[in-house]
């Protein structure tokens, strides 16, 4: 496929798909709770409303934080669609999160600061699992490049898939690991890392969340490349599993998140890699 | 109605502030979030952060202790915003009218758009009030637009 | 031509240092230091540009005797220091260890040189062997070291002014700082193991003298700790020299490396010297204690130059340990240090301690790369060495300037520094970004290190993966925590007023920052012209730069698109985005904001309370002393297993 077409797809598709998925997310969550739920296009209305609000900021760094976050998540998504180095994509995702955290630190507000610190703890929990996913890809396939995946990875990397579900819970900001900020209505830290953002910057962050969602679901769909349909089905299955987990559990403390993601997530990944090398990987 | 105004009406995010209420109206507001009334159908989410909210729901009368907080929260909400007062206490002071420490209804402190009387106000009335407030939002926007056009013509 | 440049690079700092020691006039002494800096920079650049590598050169034979005599003088001085301490303070651990280690070195060396092998050194082996790796190290030492010397001129003046010292101690200070540069050049140029050992011990001497510069009880204690830990490395050197000569009839480092049937034992002893010099766990205590020294000491010795001697030796020895179990254990050892110190850095409040832990962490990463020992890993090691030296020296010097502006090195006091001291805050922020953000050179090295490690096989490899990834995530956490502190300001729009530009303070910083930026952006030509010849001396090229990106066999690092994005986010957005006062809002404090103050709120009894914010340090989890001891024991166990492996 033409590279520019892929770039255009990477820029246009995630907001559309992402907003549909987030709308579906809220409808399914509502149905699980015995409610009716908002219309499917609700995230679109939310984002447009935010973009149209009168500008209100606390400082210049907020703009840098939100725009940097969006730019680098878009970059990671574009790199993903172009089939580039998975390890580099994970590192670029890290850069995006750094922008978000520094933007939150930039305001002297108690909730913002606590949220930023907790976001760092989230990074400490999920980034090792993402890096070891990239390493797992290399061990199973001999290359870090996504474009060189030519057979389904699920048979050889299924424990890492389970660890990725854990990462999905953290990145989608769902219970039990919505430590730094949560989707809605969990208000002990107000909105945590997003508290001081408002209006257009919050709208840009919402758009970034859509890209991030599609990107992480993309990581999961890698397990069944090159078939796009099975990969997407797998990703949607994991997404639904996360929704289920969100509605069953309550929020845990950050130390539980750290312990669980390191012991359970990294443990699974290590078992996977040991198994691969024992069975004679690539 | 253009798409932006439609989005603003279809996605009202709430900030719920109890100014001195006996909590009766607060419980009714929270009841609206439950499956029986389910206001999320209208895109309503209880945000709890003024910077993220469009609609300020106030219960209870304005009093000397709380008016400063109420003003602060109102100022921290970005435009366009709507203020909806729930319960008779917020409309006029209710049973606490003329008590020491009570300034009166909430409109003594901040401009109010919709009054929902009742003691306590019923969830159906609250939902009606919010919908009316959103209609006012569209009116406000239209008015602001015509005024801006008039200013441009003058200049 | 080359020989005179070598002589200048090694001898000029020694002579300049000696003159500094006796020069009482401050202006003349500062001028001499500045002159040494310029001479060193020029000589290293000239040596680099004259090509013709490798250079083999042997100075006149008399130098061997000179080095012999000075060597023993040095060892006797160390013994004197140790014995004096025992006489004054009783049989404490530090005195006994120092004296014992030096005594064993003197005895073994004496036996070796006068009884077992009096015909050393051999006439056939040149004393100096300079290849691209030596040139890279020489440039790092000379350019970065000289910039630090220039900075130190002003820094020490302000430092002694703050301390109200009646008698200046700068002559002694600059003596040791300059001869260190000469000794470092000597290490990277020499091929004769006895000569390397001599220069190595001179760096130990400088370390001891400079850590104890303040002459407080704590400083002297830490100086002794550095001394005996480095003396362990010296003992390792002596053992290695004895083994090599008795078994291979030579004391040339190159001969040792290129020997296809070399035994692992002497290599292990040399690696022990490298590990102690680079403060790996369990020896990290001396580097952390060294932070009591003035900032230029930390910048020069303990981040960019002296600890790189251990790294240099490790990279030199790398071809000799390919495909051995010693290499696997070294990889485990390096990764272990990397993770442990990265996690410990999270609980540190003092910025110099954070930088020290980060230094040890990155040195561990480089040693891990040496252990992995693939072409990509060695490329990563050299890339990391260069970029780490630049950025870490920059950051230490920034902390020094902040210390003199604020009077504190505590991270909590650096809150909102962008408003109070925009210039130094901006430089420090850029320095931190160059250490931890994609796509700068450090991250390129880390990316290459992770990719190289993934190729590791064997049953230890999952453990190495685990250590590597946790360390990598922990690194981000402690850098961003510190980074965020700089930006933490109360909501408001103020015009940026830069503080006064002081040439000797800010110019070296800006130069180093420019190096970090230019070499990162132009990393592909930088790699091809500069680093590739060092790698291809022993390994094939692992990087494919044909399509304008930095590609390995299994991955791709897209340099320039990410830099463009970074420029947009960091430079374009703040410049174009002009916030207006009417759009400004206060921080959310549940509506209790005080109207007259942007950072106070109404608390109990409507009292105005100032907002106090702090960062998280995770003390209970990561600053546990039992954890510290346990980790040191774990590191020691890995070293013991290495010893077992080489002896079997």
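Heads up, the Cβ atoms here are built off N, Cα and C, so glycines get one too.
All TrEMBL annotations are machine predictions without curation.
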Examine the ranges C:32-53, C:582-603 and name the one recorded by TrEMBL as transmembrane segment.
C:32-53
Answer with yes or no whether the transmembrane segment (C:173-189) touches the transmembrane segment (C:286-306) by the criterion of at least three Cβ pairs under 8 A, sequence separation 6 or more.
yes
Using DSSP, what is the helix/strand/coil residue split across the domain 'NADH-Ubiquinone oxidoreductase (complex I) chain 5 N-terminal' (C:116-161)?
31 helix, 3 strand, 12 coil
I need to check the long-range neighbours of the transmembrane segment (C:65-83): which residues 6 or more away from its ends have a CB within less than 8 Å of a CB in the stretch?
95-96, 98-100, 102-103, 105-106, 109, 113, 194-195, 197-198, 201-202, 204-205, 208, 227, 231
Give, as a single whole number between 0 and 100, the mean pLDDT over the domain 'NADH-Ubiquinone oxidoreductase (complex I) chain 5 N-terminal' (C:116-161).
85
